[in-house]
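Data block below; observations after.
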Amino acid sequence: MENVAVRIRNLSKTYTNGGKTTKALKNINLDIKEGEILGVLGPNGAGKTTLINILATLLIPDKGTINAFGIDVLKEANKFREIIGYAGQDSEKSAYYRLTAFETLIYFAYTFRDVKKGDIEREIKYISKKIGFSRKLNSEFSTLSGGEKQALIIMRVLVHKPRLCFLDEPSKSLDPVTAKKFRAFLKDFVRKEKITTIVTTHNMSEAEEICDRIVLINKGKIKFIGTPLEFKNIMNYTDKITLDTRLNKLLIAKLKKIPSIVKIKKTTKSTVIYTNKVNLSLLALTSILKNEKLEPKMTVKSATVEDAFVKVMGNGK
Amino acid sequence: MANKIKEMFKVFKMALWMNVTLLRRYNSNFIFWVIYAAANAILMLLFIPLYSASISSIGTKSIISFILIGAAMLPLLQETVSSVSGEASFQMWSGIINYSFTTPVSRYIYFSLNSMSEVIISLVIYSPIYLIAIIFAFNYLTPLGLLLSVICFIIGFLGMLQLGFMLGAAMLLFRRVEALDSIINLVITFLSGAFIPLQVLPSSVNYAALFVPLTSSLYLVRYYLVGSSLIAPPYLMWAITIGELIVFALIARFIFKAAEKKAEKIGFNYI
Ligand SMILES: Nc1ncnc2c1ncn2[C@@H]1O[C@H](COP(=O)(O)OP(=O)(O)OP(=O)(O)O)[C@@H](O)[C@H]1O
Ligand SMILES: [Mg+2]
């Protein structure tokens, strides 16, 4: 797990289009570990797709180096292409409309990859069963729904088992149930096949669920690299307790003395208590409220990756 | 080298497989194409009286063969040019060109062989007309003449493909070049000799027409099949035919390379 699969150094990319320049990536340094699932997160226009497209040899950076499994990616792109799989952000149309799903997978695998007939057919059947695609295999590509097209495009990447795969928002048009199935399968499959996977997403819980590590990009710069847990720990609280009433100053002062409470915020109609030990805080809080004969409605919510995201991005501005 | 050839073979085989699969599934279109091809031949045969009037300058032994060869080659060329540029715009619009960019298969090989497989089907559609032309020329035909005419036909066809690739590559580079397609079609219609026999036109027009791909190969095909007259000695016509094939292939490759370079800077989605 600990070997570095891809080493990215000083990577920068500027787009010049119609006289306007956009700095999409600014001096990115990143090591991707062999076998890991790395999530790339960040707001719209952060540079995620640019990064993926450079890694997938679609774009040439202004400067920087990329070394993957001993291959100098920018100089030996064609050698590198033999071991990668790619599903771009706008690739849901990238197939021949009148071929069936099955034919599409066969066609692309044979044409572009060194695969054996029997292997690939077995793999197609296996994967479609796992993600619930089997009954669509004989449907024409044009008749597939948006999410089904997307699923097919992802399958196209996985059937030939690349060593390194790049998925740009793979679950974007999948419904929640399919997305869940897909995530479970993806995690399982790339582990089993030892496929190093780089995936971009806007879905924080998805990142939390499947990624070994996440990279946060904002305005072309890396803001954070680490495990989802480390990411969550950026927050100094683990849970938020919300009371549907505004507590008075005296009570707030009392609560602030409880060591497990880190912060209290009042809004127009409620009081939010941030804690790093939810059980202790709740005990103390209920006894204080009882003394005051108060019975506000209480909701407890754990800190999410989203919260950390907002925090990191907030600092970035 | 061996690997490249293996790769080309595989890409072509798969493209052909796809086209045949689709042809079998949607065979009505194939039937319409056959009707179109036949209509082309029949309509051009209506001009027999016109051709007969100038038979001395055309110098052909069979007017019917002479006309049918043109009827087989002109629409074949038109389809080649437009189906290759159609393939280019489809690959760009669908994003297939992006996907193929991330695989070890050369994009140019993929693009050109894929287009070629599509055109092969047109070739199948138009070859019966060519066959009928051979039948009408049978009395005058020598085995060597037949062989040479077939070779010229193939070289001419490959030249047409290069012209198509040129237009397709230009489409990748400039995005919209439909007008170029029309210009090529216009020039080919009037100056290839397929429709209007060049033999009846002033020789200055003939020399100019030699710059139009297909003209020289069409001249040669007819020369070997039915002994129609040439504008220049055969060896020169051969040189022009083969030279054009090479030059067009190089130009197409060059434009494609330029498009690739541009794409690597800003992405194929945006060029
Ligand atoms: N071809 C291009 N020409 C000019 N600017 C571009 C081009 N492609 C991307 N950009 C700009 O570069 C920046 C990064 O874009 P990119 O597509 O990498 O963002 P992203 O993080 O993938 O966003 P999203 O979440 O919306 O997919 C944006 O400001 C975008 O407008
Ligand atoms: Mg993106």
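Note that Cβ sites are derived from N, Cα and C of the backbone, with glycine treated the same way.
Note that the coordinates shown come from a computational prediction; the quantities given were computed from them, not determined experimentally.
TrEMBL lists B:30-51, B:58-78, B:119-141, B:147-174, B:186-215, B:235-256 with the feature transmembrane segment. The domain 'ABC transmembrane type-2' feature in TrEMBL is assigned to B:32-259.
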Exercise. Going through B:58-78, B:119-141, B:235-256 one by one, which has the most CB pairs that fall under 8 Å from the transmembrane segment (B:147-174)?
Worked result: B:235-256
Seminar exercise, completed: Stretch winning on C-beta pairs under 8 A with the transmembrane segment (B:235-256) (pool: B:30-51, B:119-141, B:186-215) is B:186-215
Problem set entry | Intrachain residues whose Cβ lies under 8 Å of the transmembrane segment (B:119-141), provided they are six or more past its termini | 16, 19-20, 23, 30, 33-34, 37-38, 40-41, 61-62, 64-65, 68-69, 71-73, 75-76, 79-80, 83-84, 153, 157, 161, 164, 225-227
Problem set entry | Intrachain neighbours beyond the transmembrane segment (B:30-51), with Cβ under 8 angstroms and 6 or more residues off its ends | 23, 58, 63-64, 66-68, 70-72, 74-75, 121-122, 125-126, 128-129, 132, 195, 197
